Amino acid sequence: MSQNVVILGTQWGDEGKGKIVDLLTDKATMVVRYQGGHNAGHTLVIDGEKTVLHLIPSGILRKNVQCVIGNGVVLSPEALMEEMAMLEARHVPVADRLRISKACPLILPFHVALDQARERARGKEAIGTTGRGIGPAYEDKVARRGLRVGDLFDMKRFGEKLKELVDYHNFSLVEYYKADAIDFDTVLKQCEEFAEVLKPMVIDVPALLDKARKNGESIMFEGAQGTLLDIDHGTYPYVTSSNTTAGGVATGAGFGPRYIDYVLGIVKAYTTRVGSGPFPTELDCEVGQHLGEKGHEFGATTGRKRRTGWIDAVAMRRAVQINSISGFCLTKLDVLDGLEELKICIGYQLSDGSVTEHPPLSAEDYEVVEPIYETMPGWQQSTVGITEHKELPPEALAYIARIEALTGVPVDIISTGPDRKETIVLRHPFGQ
């Protein structure tokens, strides 16, 4: 029986989605990215070999899987070429396996320059963007002045539109941010070269997905970042510029919401965050340092050290509400091995002393909440590489059961290490 499955992060990103997508794609015929850009970083470890992907869907390493980049993704041709070259050097035939929407907005050099200039200008108030042009590209899309992949099919018209955009953004770069101007001729030449590579892969994605659905194929939708970074539902303004939630599938891939059968929420056994923004359960102590070191918590995209903290059931419940999550995949359980006790945030105390089980809507209010914790015993046994649920320590099983009780959602998959083999699957999202 065919199943259409969404896999997304339920925290602030970096939950371990790449491994799980790769693990589950043996049951899918198609993997689709529907939002974000190359600001995502999905790390795969297969038979000890590490692969980091930023733009191309994680299913690209599977021989019989077609990978798709939907219209909700802002596409950097330069980043795509680099990633294709890296994969093709390892004998992965990317051009044969990858298809790209004609409606993808393009990230061009002036978007990157603007992103970085703005972050410098903000100083201590910097949002913590990756500086890769994601936000400015989405701005051009919403302002209806952006260039899209489909525009590359008519280079004369493309050049005319590009000249207007270069002039428009150079004014801000030079006059306001005192940065260097972007050279039109250089960008145009690059785009002409990119066009020749991209054209064979460009397709009508909604039609492609609809045909696959009608043929009974199983489709996986791969989310980037996490629910709490969603432009509408995240800790605004410390968010990304796209809809990282399940609703992004309909708008970012052109796939009807009624056709989705299962939503898998990836949640780390603790919490991390990269960059600025509120983080109620953050740990500035030895435990936090331990989690960061043992969990190798450095951003796959930026290399920045991730902030670490206890798991937050309040934030998870919001993710459940927004995404209609069917089941959780709990990752990095093994990182908690050896801790004497664990804490779960079950509520927030507000500045007026009242208690809430719902996250605030503004970052300012989020910054001042105090987490209310429930303490549970840890375990001393190693869980690394365990593949049977019954082999987990009793304390680990109790921890998992408490997460399920607090969120009302079952933990269907448990990850006990970076390799795809180091996993416990209790209920398969594809029903197989």
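Count begins at 1; order follows the chain as displayed.
Cβ coordinates come from backbone N, Cα and C, glycine included.
Here Swiss-Prot flags 13-19, 41-43, ARG306, 332-334, 415-417 as GTP binding site. In sequence order, ILE266, LYS268, CYS329, THR331, LYS332, SER415 constitute the residues six or more apart from GLY16 (GTP binding site) in its chain with CB-CB distances below 8 Å.
What Swiss-Prot records for ASP14 is active site, proton acceptor, and it gives sequence analysis as the kind of evidence. The Cβ neighbour count for ASP14 (active site, proton acceptor), using a 10 Å radius and every protein chain shown, is 29.
DSSP assigns GLY41 (IMP binding site) to coil, not to a helix or a strand. Taken from Swiss-Prot, the feature IMP binding site applies to ASP14, GLU15, GLY16, LYS17, ASN39, ALA40, GLY41, HIS42, THR130, ARG144, GLN225, THR240, ARG304.
Annotated Mg(2+) binding site per Swiss-Prot: ASP14, GLY41, in sequence order.
Per Swiss-Prot, active site, proton donor is recorded for HIS42.
Summarising the annotation, Swiss-Prot assigns substrate binding site to ALA300, THR301, THR302, GLY303, ARG304, LYS305, ARG306. Around the Cβ of GLY303 (substrate binding site), the same chain contributes no residue under 8 angstroms that is 6 or more positions distant in sequence.
Sorted by the number of other CB atoms within 10 A, the recorded positions LYS19, HIS42, LYS305, ARG306 start with LYS305, the lowest. Mapped onto three states, the DSSP output places GLY303 (substrate binding site) in coil. When the C-alpha distances from ASN39 (IMP binding site) to the binding-site residues GLY13, LYS19, LYS305, ARG306, THR416 are tabulated, the minimum falls on GLY13. Among the listed binding-site residues, namely GLY13, GLY41, the Cβ with the most fellow Cβ atoms inside 10 Å is that of GLY13.
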